[in-house]
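Feature list (source: TrEMBL):
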DOMAIN    654-746  domain 'DYW'
REPEAT    42-76  repeat 'PPR'
REPEAT    144-174  repeat 'PPR'
REPEAT    175-209  repeat 'PPR'
REPEAT    307-337  repeat 'PPR'
REPEAT    338-372  repeat 'PPR'
REPEAT    439-473  repeat 'PPR'
Amino acid sequence: MILTGFIKDTFAASRILKYSTDSPFIHIHQSFQIFNHIENPNGFIWNTMMRACVQRNYPEKAIFFYKLMVDNNVGGSDNYTHPILIQACAIRFSDFEGKQMHNHVLKLGFDSDVYVQNTLINMYAVCGSMGDARQLFDESPVLDSVSWNSILAGYVQIEDVENAKCIYELMPERNTIASNSMIMLLGRTGHVDEACQLFNEMPEKDMVSWSALISCYEQNEMSEDALVMFMQMTTNGIMVDEVVMVSVLSACAHLLAVNIGKMIHGLVVKIGIESYVNLQNAFIHLYSTCGDIKAAEKLFNAGCQLDQISWNSMISGYLKCGSVEIAKKLFDSMPSKDIVSWSAMISGYAQHDHFSETLALFQEMQLEGIRPDETTLVSVISACTHLAALDLGKWIHAYIKKNGLKVNVILGTTLIDMYMKCGSVENALEVFHGMEERGVSTWNALILGLAINGLVDKSLDTFFDMKKCGVVPNEITFMGVLGACRHMGLVDEGRHHFNSMIQEHQIEPNVKHYGCMVDLLGRAGMLKEAEEILESMPMAPDVATWGALLGACKKHGENEMGQRVGRKLIELQPDHDGLHVLLSNIYASKGHWDDVLQVRGTMIQHRVVKTPGCSMIEANGVVHEFLAGDKTHPLINEIEDKLDEMNKKLKMEGYVPDTNEVSLDIDQEEKETSLFRHSEKLAIAFGLIAVIPPTPIRIMKNLRICNDCHSAAKFISRAFDREIVVRDRHRFHHFKQGSCSCMDYW
C-alpha cells in the first residue's frame, strides 16, 4: 500500500491499521510504522491507535498520541476518544492525568455522555480518589448499572464497608456483579455472617458468587466451612476454576487435610487446569505444610512454569520439615531472590536454632542491598538474643530508627526481650516507653526481663502499672511475677499473687506456676511445704519442678531429702544429665565418693553425657565461645596470663576458692586449678583483654553459675574496677564493685 500510494486513502489506511492492531501476531511497533505513513489520519484512526496502546499495555503511548493529536490541532476526538484515554490514566493510576482528561471532557462538552461519565467514575475509584468519584456520581444526570457497579467497586477496593452498603442498598437493580463485590468486601473485613446472608438471598448465583463465599470463609480461618461450601458447589454442578481451587487448597493446608487435597488434585487434573502456576504453588504449599515434602518436591521438579512463589514455597516446605541444608542449597540455586526468599531462609535458620547462620545470612542480605521486613528483623533480633550479640542487636535497632520503620507490638516486644536477655535494661525501657501500642506480650517481656535482671521491685511495680492501664494479665504474666518473687525470696508476696491468679483472675495454674512456688519455698528453706505443694499438684510434676526441690535440698544441706528426691528423679528420667550432676554434688559435698562413683556409673550405663559448661562473650561484634578447660582460643596464651593475674589479685582481695563445687576425689590444689578454668572465668579473662572500659563485660552461660564463679566474679569486679554481667540459665547477675544484683540469693 505504501509503494502503490493506497496508504494515502484514509479509508483504506484505517482498515489496514485496524487489521494490524487487532492481530495478535503483529507487534504494535508495526502498527506505529503504518500510522506514521498515514498523511491525514481521521478520528477513527487516532482512536484505533490509542485503543491498541491501551489493549497492548502501553497506556503512556496512548496519552502521547492524544498529546500529538492536540498539538497538531486535529479535531477528530469524539465520545469514544476520551474513555480510551481515561482508561489509560486508570491503568497508570494517574489521577493527575485523569483530571486533565476530565477538564478536556468538560471543555469539549462530552460530560453528559454516560459512557464517558462511567469511565471517569471508574478512573477516580481505581486511583483511590473516592471523593471525586462520588461527586461525579452524585452530579451525573444519567446513571446506568455500570455507574453503580463502578462506584461500588471503588468503595470495595478501599474497604469502605459503610459507604459500600449504602450504595448497594440504593441500587435500582442489584445485579450479580454487585452482590459478588459485596460478598468479597464483607469477607475481607470479617463480616462473615452478612456475607453468608447476602449469598443466600441472591436470586441468581454464578461461579464467582460461590468462589467469593469460599474465599470469605478461608480468609476468616473458617476452613471447614470453606470445604463444605466447595462440596455444595460441586454437588450443584457449578463449574470451578483455578481461583476457587486456590482458596480450597489453602483451607486444606490450614486443616492439614492432605487426603482431601489429593482428591482435589485429581479433580484439577481431570478438568485440565493443573498447568496454572498459582495452582501448582498452592499444591506445593499444601503438601509441604502437611509434611508430604516428597509430593511437593515432585511437583516442583516437574514444573515448567515456576515463578518466585514456587521457589519460596519449596524453601519454606523444606524448612518446615527440618531439612535446613536442602533448603539452603535450593536458596543458593535460585535464579533470583526477593525479600520473601531471604526472610524465609533467615527465619528458618532462627527457628531451627542455627543462630550464627541466621546472623551471617542477614549480613549477606545487607551486602546484597535487600531491605529487611518485620519478619526478618524479628528473627535476627531473636538470634542476637540467643547469642547475647548485644552490639549487633543495637545496630539493628539503630537501623530500624534510621529507616523510619514502625516499631509495632511484635517488633517492639522482640527488642525488649533481646535487651533484657543481654542485660541492657535501660535500652529495653527506652524501647518500651517509645512504643505507641503495647500488647500483653510487651508488658510480659518487661516484667520477666526486670525480674531476671534483679530489679524485682520495679518488676512488681510494672505489674501494677499494667493492671492500671487496663491490660488483663495472662498465665505468662504470672510466670514473670512469681519468678520475680522467687528471685528475691518474697514468700508472702508470692503466695498472694499465686492465690490472686486463681481467685481474682480465674487463671488455672499450670505446672510451671507450681514449679515457681516449689522453687520459691525451697530457696527460702521451706522444704517440707515445697514438697507438700509438689505432691498435691493436680497434674504430674515435671522434671524442672522436681529439680527445683532437689536444688533447694543441695543449697540447704538437706541431704536425706535430696538423696530421696534425686533417686526418684533419676528413675523418672534416667537420661537427664542435670539431675545426675545435682545428686552427685550432694554426695560430693558430704565426701560420699562411693555414691558419687555410683551415680557416674549409672550415667555411663544409660549413656548420659554431662552438658559441658559453655560461656559466650561478644567483643567487637564477634561472639567468642569458651568451654570449661578450653585451650583452643587463638588468644589462649594471653588468657592464661590474665588468669594468673586474676588469681593473684583475687587472693590479695581475700578470695578463697569454694572447692565444694568440685565433685572429684582429688587434692585441694587440683580442685582449685579445676575451678579456675571454668568457662565463665575464661570468658571474664578474655573480656578483661578484649572489652575496653567502661563497656561492661557481658557473658552468657548455658548452665547455672556455680558458687565459686559467682564469688570470684564479685572479687574481680572490685579488683579490676569492671562491671561484669553474667546471664546464666536462670537469671542475670550484675557484678559491680564487689557486689551482685542478686544479693547472693539465686
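Backbone N, Cα and C define each Cβ position, glycine as well.
Note on the repeat 'PPR' (307-337): DSSP counts are 22 helix, 0 strand, 9 coil. Taken together, the residues of the repeat 'PPR' (439-473) have an average pLDDT of 95. Long-range neighbours of the repeat 'PPR' (144-174) within the same chain, counting only residues 6 or more positions beyond its ends whose Cβ lies under 8 Å from a Cβ of the stretch, are 114, 117-118, 121-122, 124-126, 128, 130, 133-134, 137, 181-182, 184-186, 188-189, 191. In terms of DSSP secondary structure, the domain 'DYW' (654-746) contains 36 helix, 16 strand, 41 coil.
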